Amino acid sequence: PLPPTHSQGLERTEHEGFGGGNTAWEEEKLAKYQHSETRLLEVLEGVCAPSDFACHQLLERSEEHVEQWWFHERQQHPDLFQWLCMDRLALCCPAGTYGTDCRPCAGGPQQPCSGNGRCDGDGTRRGTGLCVCSPGYGGPFCAECGDGYYEVSRNKSHLICAECYRACGRCTGPEDSSCLRCKRGWVLHEHRCIDIDECGTEMAHCRANQFCVNTEGSYECRDCSIACIGCMGAGPARCKKCNKGYWRDGAKCLDVDECASTEEPVCTGAQEVCENTEGSYRCVCASGHVRRDGQCVEDKPPDAPEKGFFDDVTEDEVVVLQQMFFGVMICALATLAAKGDMVFTAIFIGAVAAMAGYWLSDRSDRVLDGFMKGR
């Protein structure tokens, strides 16, 4: 529902104007600020809290009603909350009432729920009108102290309750000796609440492989040791019976070392060794071996492919080999050219020219590069 905060906005804008420019001209031409739509918008800006989505939705749906009230109904009905939420939209009720007919809440509209709780649906057209009491209070009108609380003071309009001693369900004061009734898990003895040992009285209900631990007002069920089948307490010395993989040594159930307890090897696979675990054992690969495809094999990298003849040759070595190859070829051509064969003589001269050109070109590039770098 729309909160009745519009009155604060009216007070805030009571002595304001349009602001800026020629105010006298604006009031004469655009109507008085006090009754203007500008003032209405400024008032509505502060009606809803920024996070109150329902309030903003209500204002948006009721835009025409709000304008109707502002321009035509405000003088006759100055309370927007009453006119819009209660009379026109029938969404709200006066404080202390609830439901479609705005009936009084439990305990009366003046002080619902005796001031010690809240009325379900208070101020709305919904709810049951019943009291939801604050902690420590009870009864249909929240006019009594609740369980675990006692009456400190009371008059015609107010009741003050305080908490009893933690074990008391009802009491006359805060002391442990002022109990009238005990909470569950405790028994009353001479106005004191004594803890019930559920474990000793067989009131506890734990599973087969658990044991009972008494607590104040209750009990806990905790798991037995892994060495036990049934137990009377914590640890392997409180077992009723030893679990598989354990043996009894006096009062204690100890782990059986399966790896050392038999003459025959437990793990029979190649390169397998036995490793003892709590209550059992496992077969693992011997040192330096790993399991592959269910078998223990030597832990070494897979065989690398054979290297080629030139795999380890460096780039400088390749250049030398190339020069040697061309040198042999030129020598062969020179030998043939010396015999007077014109064809081989031409090939020899061309090869020499090509090698010279390549050498000079490569050399000139290096000389130029050195020059540019200042060498």
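Glycine residues also receive a Cβ, built from the backbone N, Cα and C atoms like all the rest.
What TrEMBL says about a protein is an automatic prediction, not a curated fact.
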According to TrEMBL, the disulfide-paired cysteine of Cys142 among Cys133, Cys161: Cys133
If you count CB neighbours within 10 Å, which one among the disulfide-bonded residues Cys133, Cys142 has the smallest count? Cys133
Looking only at the domain 'EGF-like' (101-143), what is the model's average confidence as pLDDT? 94
